[in-house]
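The domain 'Fumarylacetoacetase N-terminal' annotation in TrEMBL covers 18-122. Among the features that TrEMBL reports, domain 'Fumarylacetoacetase-like C-terminal' is placed at 129-397. Residues or ranges marked as Ca(2+) binding site by TrEMBL: 130, 204, 206, 238. Look at TrEMBL and you will find 132, 146, 245, 249, 355 tagged as substrate binding site. As annotated by TrEMBL, active site, proton acceptor applies to 137. Annotation source TrEMBL lists Mg(2+) binding site at 238, 258, 262.
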């Protein structure tokens with residue numbers, strides 16, 4: 001029998017009682033604190049804790065102090081058994097037979113409409129790593145820049161390629177992004193750069209995951225236990241200035257082309273909420289080295305969509321539909337690889353998957369691929385066309401899983417609008 005809540009939740013809502021994603025919110029009357037999404041409401045966990053309703057959760061000491069904070073880092077550090085017990089206790093509170101439904105005075109304190117709330121970054125993100133784990137995306141980009149015979153670099157099928165990004169410029173959904181400026185080549189025939197605003201501003205459809213419990217310096221996280229260290233997942237838009245990136249990325253990888261902004265969705269969906277949607281990932285050949293070898297399915301059947309609203313338009317249009325299940329290197333392989341040399345991870349650290357492209361043009365996760373490096377325009381309503389993003393364009397990434405039981409586990413929105421570059425030279 002499917003779990004039901006006394007709170008009315010539309011069938012297509014991303015946040016049924018089976019989800020219970022964690023985030024940080026505030027209102028005009030409430031300072032930033034931890035809550036969970038349920039339908040179009042937020043359950044204020046600070047107020048819930050103040051009422052003593054989480055006192056019996058094993059391992060959750062002083063829940064009022066934990067959930068009264070403006071980040072989830074402390075809760076993340078408590079470990080998966082506590083995350084799981086807390087989530088189960090919240091589901092019980094929200095279930096249709098719980099007495100909370102009849103306590104109108106308490107409900108007025110603990111429930112807040114999402115429409116009257118402001119969302120914040122869910123954690124203090126100490127470090128951020130971006131991987132490059134979609135074979136389809138890596139192949140497409142490789143064909144564009146190196147040719148079909150040299151599309152994948154020799155190391156790509158042996159390890160999850162990644163680079164260290166900027167945590168300081170990670171922003172929550174709804175934050176505007178200024179077009180960046182930097183060095184770029186105007187002609188391939190003349191390798192002398194000019195300084196100007198990017199003319200090839202792009203998006204990248206990604207999923208991010210947050211570290212919960214970390215590891216000590218010099219110690220590695222075994223792939224068999226990697227899930228126990230991952231708190232949950234969000235959507236990620238890794239905004240990218242392709243012309244700036246193309247000039248700068250050899251030999252150390254992207255820098256200014258990606259450090260100006262990364263947008264994430266505000267609600268962290270736990271791995272427990274996604275367990276029903278675990279599937280077998282792509283066959284890995286050659287077989288990975290022992291520390292990367294998995295013995296159980298580790299991919300996730302998460303539907304992903306890219307929606308763009310050009311500045312001249314009044315509505316969003318879908319330009320891509322992909323799926324996380326296509327990803328070659330899993331999030332547990334990413335974590336195992338990240339720590340295999342002794343790198344210590346900490347609660348609140350974030351990693352992203354890299355662009356998640358599918359096998360067909362309609363499933364590509366970047367404008368670079370959809371337009372094939374600017375060769376094919378994307379048509380919108382009213383005759384509007386795009387190769388790359390223009391000022392005033394808005395992008396929204398959406399991700400969700402549809403259960404056979406009729407409910408949907410979703411991530412909410414990952415949205416941002418492009419503002420003009422504040423610099424011309």
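Cβ atoms here come from the backbone N, Cα and C positions, even for glycine.
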An 8 Å radius from the center of the 238, 258, 262 Cβ atoms defines the neighbourhood of the Mg(2+) site; name the other residues of that chain inside it, in order.
130, 165, 204, 236, 237, 239, 240, 259, 261, 352
Check: same-chain CB within 8 A of Ca(2+) site center, minus 130, 204, 206, 238
205, 236, 237, 240, 258, 262, 352, 353, 354, 355
Among the binding-site residues 132, 249, which residue has the largest number of other Cβ atoms within 10 Å of its own Cβ?
132
List the Cα distance (Å, whole number) between residue 146 (substrate binding site) and the residue listed as 'active site, proton acceptor'.
14
To the nearest Å, how far is the Cα of residue 355 (substrate binding site) from the Cα of residue 204 (Ca(2+) binding site)?
5
Hey, what's the Cβ neighbour count for residue 262 (Mg(2+) binding site) at 10 Å?
28
Once near-sequence residues are set aside, which residues in the chain of residue 245 (substrate binding site), 6 or more away, have Cβ atoms under 8 Å from its Cβ?
254, 256, 257, 258
Calculate the per-residue pLDDT averaged over the domain 'Fumarylacetoacetase N-terminal' (18-122) and state the result as an integer.
98
Which site among 130, 146, 204, 238, 355 has the most other CB atoms no more than 10 Å from its CB, taking these as binding-site residues?
355
Taking DSSP H, G, I as helix and E, B as strand, the domain 'Fumarylacetoacetase N-terminal' (18-122) contains 44 helix, 22 strand, 39 coil
Look at the recorded positions 137, 258 and tell me which residue has the greatest number of other C-beta atoms within 10 angstroms of its C-beta.
137
Just to be sure I understand the packing, how many Cβ atoms besides its own are within 10 Å of the Cβ of residue 206 (Ca(2+) binding site)?
31
Can you tell me the CA-to-CA distance separating residue 238 (Ca(2+) binding site) and residue 262 (Mg(2+) binding site), as a whole number of Å?
5
